[in-house]
Amino acid sequence: MTCRLIALLLTLLLALPAAANPALEAVVADNLDQIEKPSRRTVGPLVAEIAATGPEGLALLSAWAGRALGLAGGRLVIVDGDGATDAVTGQPVADAEPRMLRPNSGVRGVIESALVAGEIASPDRARRAAALASIARDGTAAHLAALRSAAPEADPVLAARRDRIERLLTIRFDTDPAARVAAIQLMAGDVGLDFRAALNPLLATRRLAAAEEPQANIARELRPGSDDFPREAAVALLTAEGLIQPRLTPADQRAALAAHVAQGRVGGVPVAELSDPQARDRAYEALEAAGAVPPAATESETEAALAGTRFFEVYAEADPDVTDAARAAQRGAEWRLAAMSGIDLGLDALSLASIYFLAAIGLAITFGVMRVINMAHGEFIMMGAYTGYVTQTMIADRTLSLVVALPLAFAVTFAAGVALYRLVIRHLAHRPLETLLATFGVSIALQQLAKNIFGTQARPLTAPAWLEGAITVNDVISISSIRVAILVLAVLFLGLFLFIMKRTRLGLEVRAVTQNPGMAASMGINPDRIAMMTFGLGSGIAGIAGVAIGLFAQVTSELGQQYIVQSFMTVVVGGVGNIWGTLAGAGLIGVLSKVIESFNPSNTLAAQTFMILFIVIFIQFRPRGIIPQRGRAAEA
Amino acid sequence: MTRQPLILRNPSVLVVLALLAVFTLAVTLLSQAYGSGVVPTSTVKILGKTLCLALAALAMDLVWGYLGILSLGQMAFFALGGYMIGQWLMYARTEAIVAAAMAGNPIPPTAQELREAVANQIFGVVGSSELPLAWAFAHSLTAQLVLVVAVPGLLALAFGWLAFRSRVNGVYLSILTQAMTLALALWLFQNDSGFRGNNGLSGLQNIPGLDGVPQATLSVWFLWASAAALALCYVLAAWLVSGKFGSVIRAIRDDETRVRFLGYPVEGFKLVVFTLAAMITAVAGALYYPQAGIINPAELMPIASIYLAVWVAIGGRGRLYGAMIGAIAVSLLSSWFTGGRAPDLPLPGYTVKWVDWWQVALGLSFVLVTLFAPKGIAGIFDRLAGVLPPRRHGRDLGPGQGALQEKEAKA
Amino acid sequence: MSALLEVDGISVSFDGFRAINNLSFAIGAAELRAVIGPNGAGKTTFMDIVTGKTRPDSGDVRFGETSRSLLRMNEAQIARAGIGRKFQRPTVFEDQSVAANLTMALKAGRGPFAVLFWKPSAASVARVAELAAEVGLAEHTGRKAGELSHGQKQWLEIGMLLAQEPRLLLVDEPAAGMTLAEREQTTALLVRLARTRAVVVVEHDMDFVRRLDCKVTVLHQGSVLAEGTLDHVTRNPDVIEVYLGR
């Protein structure tokens with residue numbers, strides 16, 4: 001129970017240099033018999049006396065409470081594993097073979113609260129904090145008393161923590177119901193895990209069957225056959241309480257029949273006929289009549305028992321005031337909890353959306369400008385991730401390697417994109433389906449190539465230390481730092497993209513080519529060069545997305561495959577040729593995935609299935625996406 | 001334009017049927033069951049499976065090469081067909097085994113106990129012992145045979161109705177079909193979907209009621225069945241694409257809007273072809289998986305359907321025999337190269353192991369075919385037969401592109 | 001005379017631009033009508049609305065004796081109701097033979113199963129031959145449409161329109177890309193067709209319109225500016241301003 005606390009104290013105390021302690025020696029010598037056979041009622045002053053002797057006294061107490069104190073030849077020894085030390089002098093004792101002292105729990109409680117009181121009163125802030133943390137982990141009624149009688153805490157942070165722990169312990173251990181109710185009401189609305197954990201045992205119920213209303217704190221009366229108390233549950237409860245005979249299961253029946261086969265017959269029924277359930281019943285009844293098998297509960301007996309019995313759910317906690325207050329507090333906590341879970345879900349969704357956005361933005365650019373689906377886009381993401389991995393193997397410093405990897409990944413995939421455009425896509429202009437297939441060919445070649453080079457096992461891409469961990473608001477709301485970084489990256493790219501499109505010459509030309517390639521060409525814009533640049537840009541962003549994704553996912557040759565379909569969905573749902581559409585698509589898919597997942601967190605496969613079904617149906621109503629291209633051009 | 005018999009309008013039908021007959025006869029005579037035994041049973045199975053893949057490619061060609069819809073979800077129907085027949089194969093066989101095992105019990109089992117034991121045997125692996133609703137007809141061969149075409153057909157009908165009605169086209173439609181397949185695969189991957197999750201259905205090579213027939217014989221029977229199905233469907237497809245119906249669907253491929261202005265309900269035509277192709281594919285799957293012995297949801301992953309498209313493209317789409325050639329050639333080559341039997345290619349400084357490099361070669365050769373031989377292998381036959389594309393074309397007509405891009409005014 | 005097609009106060013806008021603005025229009029069962037107007041007057045959008053390609057924001061389009069509203073019908077249903085359209089650029093199925101193109105357009109059941117079990121009869125073969133002869137392609141029935149010259153494609157499309165036997169023909173710039181002789185032939189054909197059905201011709205070329213010798217509707221900024229004989233409308237000051245004033 002308090003082992004950890006004691007272990008902590010032991011290590012603290014044993015670390016001190018062993019020195020003789022005359023005061024302790026005197027106290028021990030005077031009270032050896034009481035130490036050997038303590039009584040809960042009288043041991044208090046003695047414990048206080050020992051504690052007052054200093055660190056050695058505290059060490060003795062914690063060993064005593066931890067049942068590590070033994071008596072060997074009139075000396076107290078502290079046993080630690082195989083070794084033993086004299087409790088008073090601190091000298092090692094060889095071949096002690098002590099008789100271990102086994103104080104009862106009442107005595108241990110007194111000792112522990114004395115120890116805690118000592119620790120809480122410690123002048124060292126760190127030790128006070130450690131003591132509080134230890135009590136928070138597993139507090140007892142003894143701790144409550146110790147906390148209450150301890151001197152006021154000077155440090156405001158620790159004081160707040162101590163107050164909280166005291167209230168929690170009050171809820172759990174105080175003998176005065178009014179104090180417990182008051183503590184519960186003081187903490188109502190809190191969503192901390194510790195508060196919820198303190199409430200749960202108060203609200204634990206058990207079910208019982210009785211003829212009359214029992215003398216207990218009744219939560220509610222149950223009606224057999226209702227949704228949360230089906231008839232089978234009622235029958236099972238009756239059986240468990242011995243109010244009716246157990247009903248005969250088919251397996252028991254079969255076993256009973258098999259045990260009474262005689263000359264090819266059971267109870268007069270030929271064995272061959274026993275594949276019929278009715279024949280089995282007849283045979284069993286015959287055996288029952290002969291007294292060969294115990295009688296089974298019949299349907300009418302069960303019915304009568306059900307009718308004559310009332311079913312109750314009673315609280316383990318006896319005081320109705322406390323349970324009422326706890327229930328009210330829990331209801332309040334649940335509501336706030338739901339709201340906070342909603343916020344947490346929103347953060348998760350935002351983070352997922354930013355990943356999809358990063359993965360899809362390059363695809364959206366190329367699709368928007370050239371009406372070309374690049375099936376190798378996923379492999380560009382993978383290339384980016386592997387670039388990050390290779391960079392990390394060369395530069396040991398994680399932060400520096402990340403700073404190098406991001407532009408490097410962009411450069412590598414930009415080059416790959418430009419090469420793909422020049423070698424393949426340019427020659428398939430205006431044949432989108434064939435481009436789709438040709439880029440698919442590139443995709444399987446690149447995937448296998450990655451497998452040949454890096455092998456099939458996952459490669460680590462480790463985030464720098466400052467990106468590890470999470471930003472935690474409370475017990476419910478938290479988000480890992482990497483995801484925040486990815487969100488920032490996504491916002492950064494949105495900004496960069498908008499800047500390029502709205503403020504630069506390249507953006508102007510891209511927009512011109514998107515809207516009317518023929519016209520743009522006649523204005524002296526080279527659509528081929530623009531297409532190449534946008535393709536490179538889109539691929540480059542895929543590379544950066546790859547580094548980002550690699551930071552939290554496994555880098556394998558299939559990395560891209562996992563994101564490509566979602567990226568397509570993002571583009572299709574959002575609507576082509578519009579960055580806001582991609583953003584909306586990513587947002588919708590991110591939020592929806594998380595919301596569907598929250599209904600059944602254990603089954604992510606089902607969540608994905610429903611997600612895709614939703615998209616298929618969504619396309620029915622918005623065939624051109626959330627933000628469609630408008631105007632006459634879209635109709636052609 | 002007088003009506004000629006189908007064979008005369010499509011001489012390729014006769015050639016294909018003859019080749020198929022010769023091939024089947026040859027394999028039979030060389031098999032272990034009916035002939036010299038030169039061809040081992042495993043090879044007979046591979047050949048039988050290849051014929052099923054050719055059948056799937058044929059259906060893909062109807063949808064893509066003739067109707068112009070690049071469906072990236074065709075293998076979903078293939079696998080669904082396999083699942084439907086697999087349900088019966090697995091249930092009936094498990095029932096026989098369980099019944100035999102329970103016959104030794106002191107008390108004969110009730111029908112209920114037998115069902116429970118079968119369910120436990122089949123679904124114990126996914127932690128369930130109840131027979132899901134989807135297996136309600138698993139005991140009946142007739143019912144499951146109907147479901148082989150009915151389930152994929154209805155799925156195609158429902159999906160097609162939704163997609164075509166909202167006029168989703170081109171790349172969008174391809175992505176949508178891919179999403180449909182992925183959704184189906186993910187659903188089947190779940191343990192509680194009622195199809196044994198990622199364990200799939202297994203032991204399908206054992207045909208209930210034919211325990212006495214050795215696999216060598218069964219494999220030849222399945223080869224015959226596959227060849228017969230392929231022949232029948234080839235004739236059906238050839239009939240479909242040869243008449244006015246063929247004219248209309250090719251017109252839809254080239255310029256859907258114009259066909260609408262001629263008064264044809266384009267969506268109806270698409271639905272008919274898409275659904276029919278789904279059913280043909282399902283039949284192919286139902287013949288394939290008993291030869292493969294096992295089916296699991298990985299078979300539905302979008303990549304499988306893309307490979308089907310690759311085969312059809314390499315073989316030559318818009319030609320029924322092209323699709324078949326592509327499927328047969330590429331799938332046989334793939335299994336040869338990835339099976340580890342192809343000799344390594346020693347290059348200075350590096351030895352190319354085909355197990356590792358075949359995918360790369362396939363991917364790149366696919367790019368090359370798309371770039372330089374858009375008509376695929378069948379294009380060679382066209383050239384031999386003197387069928388040339390219209391002289392005035394600036395460029396070949398891509399099915400997805402349509403006549404609009406090829407205007408002389410634009411050239 | 002009851003109207004075959006009645007367009008009643010339709011409006012449509014694209015991104016806030018009003019392409020058609022409260023347009024009303026009617027044509028009788030056997031009438032030839034030319035629609036002229038400067039670029040952007042809404043001529044093509046008007047045809048898009050009648051054939052179901054574009055849905056108007058308001059107004060109604062009624063067709064036939066029973067005055068069925070066309071707005072709830074899709075393109076194929078409208079075509080089956082008897083409205084044929086010839087596009088500005090010839091759109092024929094280039095990968096198929098001239099005969100196949102014409103056969104497809106022949107009036108017959110349009111449903112998938114009707115088409116699947118359709119068999120060419122002596123009558124249908126004769127009709128295709130007759131149509132091919134009428135548009136001067138008798139020699140070319142076996143050739144792929146893609147091999148034809150631009151003008152021949154125009155004629156093939158006209159042949160396909162005839163095969164549809166529509167009650168209302170919408171013709172978008174039929175004379176574009178034709179030789180002088182072909183233009184005369186086209187004029188004669190259109191005039192002859194208009195004896196048995198309604199024909200609406202959208203045209204830029206005033207000479208061509210003059211030769212049609214029919215009632216003329218002038219569109220401007222999505223509404224009817226003037227209507228009457230060509231001489232009548234060309235004297236209209238508004239029309240002069242629209243055509244010449246800028």
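Backbone N, Cα and C define each Cβ position, glycine as well.
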Given ranges B:69-86, B:87-104, B:357-374, the stretch to which TrEMBL attaches the annotation transmembrane segment:
B:357-374
From B:332-351, B:392-411, which range did TrEMBL mark with region 'Disordered'?
B:392-411
Between B:171-189, B:221-241, B:262-288, B:294-313, who has the most Cβ pairs under 8 Å to the transmembrane segment (B:144-164)?
B:262-288
Compare B:171-189, B:221-241, B:294-313 by their Cβ pairs under 8 Å to the transmembrane segment (B:262-288) and return the stretch that comes out on top.
B:221-241
Under 8 Å between C-beta atoms and at least six residues away from its ends: which parts of the chain pack against the transmembrane segment (B:294-313)?
53, 56-57, 60-61, 64-65, 70-76, 78-79, 82-83, 86, 177-178, 181-182, 184-186, 188-189, 195, 197-204, 322-323, 326-327, 330-331, 362, 366, 369-370, 376
